[in-house]
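A short write-up of the structure that comes next.
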Amino acid sequence: MKLKQRVVLLAILLVIFIFTKVFLIDNLDTSAANREDQRAFHRMMTGLRVELVPKLDHTLQSPWEIAAQWVVPREVYPEETPELGAIMHAMATKKIIKADVGYKGTQLKALLILEGGQKVVFKPKRYSRDYVVEGEPYAGYDRHNAEVAAFHLDRILGFRRAPLVVGRYVNLRTEVKPVATEQLLSTFLTVGNNTCFYGKCYYCRETEPACADGDMMEGSVTLWLPDVWPLQKHRHPWGRTYREGKLARWEYDESYCDAVKKTSPYDSGPRLLDIIDTAVFDYLIGNADRHHYESFQDDEGASMLILLDNAKSFGNPSLDERSILAPLYQCCIIRVSTWNRLNYLKNGVLKSALKSAMAHDPISPVLSDPHLDTVDQRLLNVLATIKQCTDQFGTDTVLVEDRMPLSHL
């Protein structure tokens, strides 16, 4: 081969090498991608659309028993859930046999017991779909539709750490009031021709009730986790102070993650990576209100971070609160599987998947188009943040293999 031909060939090979490196880092590094992640993504997409059907294949088990058996330390529901439609149908239609004020918290909710003894949390509609919540990123009432959308995003991301949620219409006069406790019943009132209630909570006020359209109220129901899995509450290391003029340490100390890594349960095990997964999840939905989080009790840091209470989300599609990503850009680590999944979802796939997943919900359309568009844009921002980390520290440091011992972080 002549020298000139060799030079041309080497130049071509060099261009191919450089292109391959750039392409792989931007579109899935081979060290990050694996066939199982690809198969998992395709399985998720195949089973994405959930039709609410009453029929269960397991005729000897109730939907509540099946959902309870799904729960394990690292997931609330399994990857493949052929019974999901039947369980969500039961959540949306089963007779309410008791209604009470919600469990502890700052926002209005009701605790319902459905036929068969299953507890669910009911969050009422407070805003129309196109209402924009102004102010701080954690401002406003809970958004019931945000709970529904967040659950389906949890499915799409492959986390499987959020309790099941579905939209539901309830008749306050015929379904709730006849079975309501005195404590809940005492908070009912009529505004114009609409039945309303204000419940019992830190911010609940008689002057700020949630009102039905006549007697019919739209809301979301969240499946209560089984009692055999008691929860333990933790202060989120990247929580806000909620005090004007007072910053949390992470808001001014760029080396804050180093301090977090030295404290339990973030010094070993999966919890820190769960925190970072959650930061990505919260950023996509616009949730800046995760000041605490729950895991299962007595887990020694091994159980998942459970994605509860996602209703302070999807408030303002024009607001991008980048500080939600602080765990990601301060620690500059993320699971390989999360990185892979995020890459599979770009180029409009996330918006399409989320819209498809929610299409059969009883309160569909769950989100307005501006919110769906924003989720796609926020995904690009997450990927850009990860790329900044890989540019600075290298992919081998930033992308953490899920099965790798985590004590090195």
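Numbering starts at 1 and runs along the chain as it is shown here.
Glycine residues also receive a Cβ, built from the backbone N, Cα and C atoms like all the rest.
Residues or ranges marked as topological domain 'Cytoplasmic' in Swiss-Prot: 1-6.
According to Swiss-Prot, the feature transmembrane segment maps to 7-25.
If you take every residue in the topological domain 'Lumenal' (26-409) and average the pLDDT, you get 93. For 26-409, the entry in Swiss-Prot reads topological domain 'Lumenal', with the evidence type sequence analysis.
Listed in sequence order, Val71, Val76, Pro163, Leu231, Ile306 are the same-chain residues at least 6 apart in sequence whose CB falls under 8 Å from the CB of Leu225 (ATP binding site). Residues or ranges marked as ATP binding site in Swiss-Prot (evidence: similarity to another entry): Gln107, Lys123, Thr222, Leu223, Trp224, Leu225, Glu294, Asp309.
Taken from Swiss-Prot, the feature Mn(2+) binding site covers Asp142, Asp309, and the record attributes it to similarity to another entry. Counting only same-chain residues six or more apart in sequence, the Cβ atoms lying under 8 angstroms from the Cβ of Asp142 (Mn(2+) binding site) belong to Gln107, Leu108, Lys109, Lys123, Arg126, Ala311, Lys312.
Per Swiss-Prot, N-linked glycosylation site is recorded for Asn193, and the stated evidence type is sequence analysis. Annotation note: Asn193 (N-linked glycosylation site) sits in a coil segment as assigned by DSSP.
The feature disulfide bond is assigned by Swiss-Prot to Cys196-Cys211 (among others).
Annotation for Cys201 (disulfide bond): same-chain Cβ neighbours under 8 Å, separated by at least 6 residues, are Val101, Gly102, Gly105, Thr106, Gln107, Leu108, Lys109. Swiss-Prot lists Cys201-Cys204 (among others) with the feature disulfide bond.
Listed in sequence order, Pro327, Gln330, Cys331 are the same-chain residues at least 6 apart in sequence whose CB falls under 8 Å from the CB of Cys257 (disulfide bond). The disulfide bond feature in Swiss-Prot is assigned to Cys257-Cys331 (among others).
Taking the Cβ of Asp289 (active site) as centre and 10 Å as the limit, one finds 25 other Cβ atoms among all the protein chains shown. Here Swiss-Prot flags Asp289 as active site.
On its own chain, Cys332 (disulfide bond) has Cys389, Gln392, Phe393, Thr397, Val398 as residues at least 6 apart in sequence with a Cβ closer than 8 Å to its own Cβ. Among the features that Swiss-Prot reports, disulfide bond is placed at Cys332-Cys389 (among others).
A separation of roughly 20 Å, to the nearest angstrom, links the Cα atoms of Cys204 (disulfide bond) and Thr222 (ATP binding site).
Closest to Trp224 (ATP binding site) by Cα-Cα distance, out of the recorded positions Asn193, Cys196, Cys211, Asp289, is Asp289. Counting only same-chain residues six or more apart in sequence, the Cβ atoms lying under 8 angstroms from the Cβ of Asp309 (ATP binding site) belong to Gly105, Arg290. Each residue contributes its Cα atom, and for Glu294 (ATP binding site) and Asn193 (N-linked glycosylation site) those atoms are 40 Å apart.
Most other Cβ atoms within 10 A: among the disulfide-bonded residues Cys196, Cys204, Cys211, Cys331, Cys389, that distinction falls to Cys331.
Taking Asn193, Thr222, Leu223, Asp289 as the recorded positions under consideration, the smallest Cα distance to Cys211 (disulfide bond) is found for Asn193.
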